[in-house]
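Structure record follows, encoded as structure tokens.
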Amino acid sequence: MSHGTAPSADPLDRSRFPADPWALRETRYSGHDLGQMETLFAVGNGYLGLRGNLEEGRDSFAHGTFINGFHETWPIRHAEEAYGFARVGQTIINAPDAKVIRIYVDDEPLLLSVADLHEYERSLDFRSGVLTRSLVWQTPSGRRVRITSTRMVSFTERHLAVMTYEVTVLDGDEVPLSISCQILNRQDGQDEYHVPGAAMGEGFDPRKSETLAGRVLQPEESWEKDGRIALGYRATSSGMTIGVMAAHEIETENSYEVFASADADLCKRVYRVHARAGVPIKVTKLVSYHTSRGVPARELIDRCELTLDRASKRGADAEFARQRAWLDDFWARSDVEITGQPELQQAVRWNLFQLAQATARAEGNGIPAKGVTGSGYSGHYFWDTEIYVLPFLTYTSPLFARNALRFRYTMLPAARARAVELNQDGALFPWRTINGLEASAYYAAGTAQYHIDADIAHAVRQYVNATGDEDFLAREGIDLLVETARLWADLGFWRENGDDTFHIHGVTGPDEYTTVVNDNMFTNVMARANLRGALRAIELLRRDHPDGLAAAIGRLGITEDELSEWHRAAEHMAIPYDSRLGIHPQDAQFLEKELWDLPNTPPDKRPLLLHFHPLVIYRFQVLKQADVVLALFLQGDEFSLAQKLADFDYYDPLTTGDSTLSAVVQSIVASEVGYQELALDYFRLAAYVDLADLHHNASDGVHVASIGGVWNALVCGFGGFRDYLGNFSLEPRLPEVWEGLTFRVTLKGTRVRVELTAGQAVLTVEDGEHATLTVCGDEVRVEAGSPITVSLPEAPRLIGSPEVRDIEGSRRADGTRMVASVPTTPTVVVPEPEVDPYSI
Ligand code: BGC
């Protein structure tokens, strides 16, 4: 394992975060890790996300409110322009902040960083979907005040957030107490001190968001009326619009007065209460957000009214109950249980809960790399969705998977135009985007990742195979498969050397530490699957949906000639292989390079991307993330176990894991080839990426791909679940130190619970009629009401982990020896000029 060391069995400070299998609880406030805590305690529903900022504002790393897809555009100015470079920058906007509920007692504000707190607990409950904080504050004048607040973003009402703030003064009478409920535009620098948030684009780190210059949100609406306050804006350049409204209610037996005001960037509703000891005051704030590509903000405010009228009528308690019911269903479909491991169980459920928060109501949008928890990666959608997150959705919540794929379908026109711009047939999907246009300014590690096309096609096939949703295939999926297959057939070319081979040159694979190469193994293997998958889909439609096929032929102009060309290209695809080393080189030139000596790379030089120029990194055999090894997982039926082991042994010691997308894949394949302890180490790295801030950037938002990968590592790694062409199989490899592992997969509409214990699997139909799976080579049909118990053979077991020194000295095909080293840093360092390469 070259990713440094796996976290200790339990990396959380349990005196502050007690192990609770159904909640993340914090029992002590700290101002030292505000950014990470804001991410860990964020609430969202895939459309709307509220970072875990304190209600009272002030102390924060970044006050953040994000709406999936609500972005500003800006012209990308390349220092050196070239034809076809990405032109339109897209950055998620920090939406107006409706979380703010400030309190003043005797006119003194509550500031958690300096407050005298007698009690404190914050908890994000995975079953209720509610963030709760309760504390007792002793004010500077000596009064004790109990405050309990709740915050929830609704899964059932996409545009709704519910907040309550309950205050009881414990001593004193007629205590002057004021509660100020606000909506505040923070995007345009409007905060308590009129300074931009710490998180937005400071310092050099390509994983952060850009800082947007100039005013972004142009005021269109601002008012207060009948207990409601509202703001509406139009984004200066993208023209997108937003409306946000809050409805308030106060319940108390204390006397009080109400004040309200509305300015362009701040609306308030203030309750001035004369509080008596022991008499509670409860303020309920229902908030609605609506956004659009351009309808007037006024119209969005009307939609907010509709949402709030409905929610106010039902009341906050009913909304909490609906949230709970929604989550009951979610957990019934998606829970993964690890017996006897409460700490890890908590981490797993936190991860699964994040998947709900990132995807559930994304609907017409993609799934951003940070979900709706932060501004990292500017709110962009990557291949993370299709390869890392969609398997979870496809096998547990197929409707959400369908929505995500339909979103890609809506991007087809832009992808076709992009293919034309890059002189190709078919469609080329952008490497990173919000609005469908390529937003990656660095083409070598961006646009060159043509594999995104094959990744989308992979997810389409996986979804259709798992669900049997041939209606989606006939109407939309086929377009995605055909247009991506066309791209490969056109991008590749033939080499006639007696044994004709089809090659794909000038592309970048998933590993961004090696770019623009010929015949990247991952790309070619996935392109081959894409071509074959498109052909199979056409055959399926020909057989079962002739009308659907006729319509697709009409729409897409499919010809028999191109189908035979796809077939020939797939069957003759060049897959690099080195018979001397017995491995698949990552690309045609990969083995020409020398090895990067990772074990001897100082920790302060990691991650490499923040310490070495790309050219230095590109010169070596060193990986940011799994590449060949990912192909071995996704197209596992194309490779023997011995082949997988040889490739894993070669690449594992060269894989830095500088991307969080790596550990989960390494875990799955380590598990399959027999490195059981290593698989568990990698799994822990993934499960705690955010919870223990292992990549030191959890403050920018959760790592959604890694989180999706956690589910994959559990189900496909330890559970050994595979779906090759709709043939479902299980080869469980339960870690020795676990008593049991239970997960659910929904296969063609039937939900099967798989319970693994040492040497045994029990399969039960939880919902639906029956399902057929191959368990360790034997076909098993499980019917509703008749669970089946299967004895499992012992899984392969290898001790330790592969090492760089095992490959150092290996000889290339030309007989030369491979040498490992670390680039040295000169002792005289030229100071960097003070420019921020990401400011615009
Ligand atoms: C990874 C990409 C990934 C992106 C967003 C990068 O660090 O290398 O593969 O798509 O992060 O998560």
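Placement of Cβ uses the backbone N, Cα and C atoms for every residue, glycine included.
Just so you know, TrEMBL annotations never went through curation; they're auto-generated.
What TrEMBL records for 26-293 is domain 'Glycoside hydrolase family 65 N-terminal'. According to TrEMBL, the domain 'Glycoside hydrolase family 65 central catalytic' annotation covers 349-712. According to TrEMBL, the feature substrate binding site maps to W383, D384, K624, Q625. Taken from TrEMBL, the feature active site, proton donor applies to E512. The domain 'Glycoside hydrolase family 65 C-terminal' feature in TrEMBL is assigned to 722-782.
Apart from W383, D384, K624, Q625, the substrate site neighbourhood in this chain, defined by C-beta within 8 angstroms of the site C-beta centre, holds F382, P510, E512, S659, L661, S662, A705. A count of other CB atoms within 10 A of each Cβ picks out D384 as the most crowded of the recorded positions D384, E512. Of all Cα pairs drawn from W383, D384, K624, Q625, which the record names as binding substrate, the longest spans 16 Å. Of all Cβ atoms in the protein chains displayed, 22 besides its own lie within 10 Å of the Cβ of K624 (substrate binding site). Across the fold, the C-alpha of K624 (substrate binding site) and the C-alpha of E512 (active site, proton donor) stand 6 Å from each other. In three-state terms derived from DSSP, D384 (substrate binding site) belongs to a helical segment. Note on the domain 'Glycoside hydrolase family 65 central catalytic' (349-712): its mean pLDDT in the predicted model is 97. The helix, strand and coil residue counts that DSSP assigns across the domain 'Glycoside hydrolase family 65 C-terminal' (722-782) are 0 helix, 42 strand, 19 coil.
In the three-state DSSP assignment, the secondary structure recorded for Q625 (substrate binding site) is coil.
A straight line from the CA of D384 (substrate binding site) to the CA of the residue listed as 'active site, proton donor' spans 14 Å. Long-range neighbours of W383 (substrate binding site) (same chain, six or more residues apart, CB within less than 8 Å of its CB): W431, Q449, H451, I452, D455, I456, P510.
The distance from the Cα of E512 (active site, proton donor) to the Cα of Q625 (substrate binding site) comes to 8 Å. Counting every protein chain shown, the number of other Cβ atoms lying within 10 Å of the Cβ of Q625 (substrate binding site) is 24.
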